[in-house]
Each structure stands twice: as structure tokens, then as C-alpha cells.
Amino acid sequence: MITELAPAKINLALHVRARRADGYHELETLFAFVVDGDTVTLAPGPLSLAITGPFAAGLSGEGDNLILRAARAFATAFSLPEIGAFTLDKHLPVASGIGGGSADAAAALRALAKANAIRLDDPRLFDLAAALGSDVPACLLGRTALGEGRGERLHPLDGPVGMPTLLVNPGVAVSTAAVFKGWDGVDRGAMPDGDALSLALAGRNDLEAPARRLAPVIDDVLTELGGGNPILARMSGSGATCFALYASAADRAAAAARIRAAQPSWWCLETRLA
Ligand SMILES: C[C@@](CO)(OP(=O)(O)O)[C@H](O)COP(=O)(O)OP(=O)(O)OC[C@H]1O[C@@H](n2ccc(N)nc2=O)[C@H](O)[C@@H]1O
Ligand SMILES: Nc1ncnc2c1ncn2[C@@H]1O[C@H](COP(=O)(O)OP(=O)(O)O)[C@@H](O)[C@H]1O
């Protein structure tokens, strides 16, 4: 049996550059990961998927799950008949800007690669990842990186490993397509050179304004996070999850305690950068 962590992704910065002819937008984004997330387990047997955990109800075990799509694509690419019995322990809120589905797909590809003695840096794995979703190559790489294109052209960067981080989701789903449609169309230029933290501090999330218009509760999340002395507080991806980075675990704990008391229904994860 092989168990792989599927860590939450954070877009420390996300700059939208242009709308392309294929309907997607050209991005420049700073990907980072935390040390917590879903867990994907692979056991021998025919292809199947069981889902457990606090956010299992948000997903059905049907054919469209990204883990099953990843497994089928892997089986085709590597000509394998029996592909494995998966269990997904779902701890990340679904469709919330922290890439849970992409992380699960990447974890499934990693587990399958290990089970079949395929190197994790095999370019065929990255091709499969890119076909599954914009964030899947970054999740397969699993380390701080600058992403270009739709996020599939990756340049690893040094990041602030271990930095105390809080993730907060108000329980409202926002449509990624609708958020991109609300982008103001202004290309604000390329990111400068630098380490991940300075790029993050100098950067923005261009999807924050349109997401806040669609889901004004994101304003409340950012106000709560901003009140706790963070180094940086910002929305991730197309929302609605927001993150904050802290200088100390004590600052993070104080912010988490205050937010949990004020908004007991919000999802709030105390974690750190991977
Ligand atoms: C915004 C990001 C940032 O990491 O993360 P999430 O919010 O999903 O976590 C990603 O780029 C999400 O990419 P992806 O996973 O492809 O989004 P999907 O849900 O498949 O895209 C839904 C729709 O959003 C629009 N879309 C998406 C990505 C992109 N670069 N440009 C777009 O215009 C397209 O209209 C697309 O049909
Ligand atoms: N294993 C999975 N986990 C989460 N979502 C999944 C999964 N498989 C398929 N999906 C679908 O993918 C969509 C995007 O999910 P997710 O990756 O959690 O969001 P986001 O990209 O906004 O962070 C969801 O609407 C969900 O229906």
C-alpha cells in the first residue's frame, strides 16, 4: 500500500496577464504548498475510489473524480491493465482556490509512479498532469515555483520553508470561470526577480477584486486575517480561501483563536509552508 499526501496549494501571488484565443488566461503565479492536505492511498486491485474525511460529502465517487481521471490517463500512457484501488481522505474544502482536486490528481500520479517503478521526474508524468488541469503540474512538482502559461511552465524558487500559515475559507463556493470573467483586463506587468517571499510581498492576486464582487464575504475573511498582524494576507487562486503568513506560531495561534471565536462556521487550518 502506498500513501501520498496531497498538500494544499497557495497562490502567494497571481498576476493575470492576458486572455488567450483558447479562452484561458495567461498567468504569472507564485505557487507554494503547505504541509497539510488530503491523503491518497493506493492498494493493489482493479480501479476503484473510496472517499472518507470531513469534506467527503462534497464529492461523489463517480467517474469524474480527478483521481480516477488521473489513473485512467496513467494506465493508457503506460499500457497498464490493473491500476489500483484508491482511497481519498478529503480534508481540503472543494472548489476553494487551494487546488485540492489538483493535489489529489498529482498524489495519485505519484503513487502510481512509485507502484510501477517510474521516476517522479519522468516528463511523461508532467504531460499527464498538464492534461488533467492547470494546477496539476505544480502539485506534481510540489515545491515553491513560479508558474507561467496556465501554470504549467514551472521555475522552482527558494521559499520561506516552515513559515506559520493560516488558511481560512468562509464556506462559499465561487466559480473560477466567473471570477476570470470579472478580471478588469489590465496587464500590470511581469514579476521582478527575487526570492519567493519578496515576490509575494510585492505581488498581488488579480482575481481578488472580481472574487470579492461575487462573494463579498471574502472581504470579511481578509479583514479578519488582516487584523492579526500577518506578514501577508491575501486570497488564493480564484477564491474563496484566503491565507495569512506570520512571523511566529504564536501570532498564527492568536489569529486562529480570534477567527474561530468570531466565525465558528468558517474552515480554519493552522499549518506552515512546505
Ligand atoms: C485560478 C487557479 C490558480 O492556480 O487556481 P484555483 O482557483 O482553481 O485553485 C487556476 O489557474 C485555475 O485553473 P484551472 O484548474 O484550469 O481552472 P478550471 O476550473 O479548469 O477553469 C474554469 C474556467 O476558468 C477560466 N480560466 C481558468 C484558468 C485560466 N488560466 N484562465 C481562465 O480563463 C476558463 O474559463 C476555464 O474554463
Ligand atoms: N478529488 C477531488 N477533489 C476536489 N475536487 C474534485 C476532485 N475531483 C474532481 N473534483 C472537481 O474539481 C473541481 C475543482 O476542485 P478543487 O481542486 O478543490 O478546486 P480549486 O481548483 O478551486 O482549488 C470541483 O468542482 C470538483 O467537483
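Indices start at 1 and increase along the chain as displayed.
Glycine residues also receive a Cβ, built from the backbone N, Cα and C atoms like all the rest.
Taken from TrEMBL as is:
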ACT_SITE  K9  active site
ACT_SITE  D135  active site
BINDING   P93, V94, A95, S96, G97, I98, G99, G100, G101, S102, A103  ATP binding site
DOMAIN    65-142  domain 'GHMP kinase N-terminal'
DOMAIN    201-261  domain 'GHMP kinase C-terminal'
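Take the mean position of the Cβ atoms of P93, V94, A95, S96, G97, I98, G99, G100, G101, S102, A103, the recorded ATP site; other residues of that chain with a Cβ within 8 Å of it are A8, K9, L92, G237, T241. Within its own chain, G101 (ATP binding site) has L66, V94, A95, G133 as residues 6 or more apart in sequence whose C-beta sits under 8 angstroms from its own. For the binding-site residues A95, A103, the largest tally of other C-beta atoms within 10 A is found at A103.
Sorting each residue of the domain 'GHMP kinase N-terminal' (65-142) by its DSSP state yields 44 helix, 5 strand, 29 coil. Rounded to a whole number, the distance between the Cα atoms of G97 (ATP binding site) and K9 (active site) is 8 Å. Filtering P93, A95, G101, A103, D135 by Cβ distance to ligand 1 (under 6 A) retains the following recorded positions: D135.
You'll find the Cα of A103 (ATP binding site) roughly 8 Å from the Cα of D135 (active site). Rounded to a whole value, the Cα-Cα separation of D135 (active site) and G97 (ATP binding site) is 10 Å. With a cut-off of 6 Å between Cβ and the nearest atom of ligand 2, the recorded positions K9, P93, A103 reduce to an empty set. The binding-site residues listed here are P93, G97; among them, G97 has the most other Cβ atoms within 10 Å of its own Cβ.
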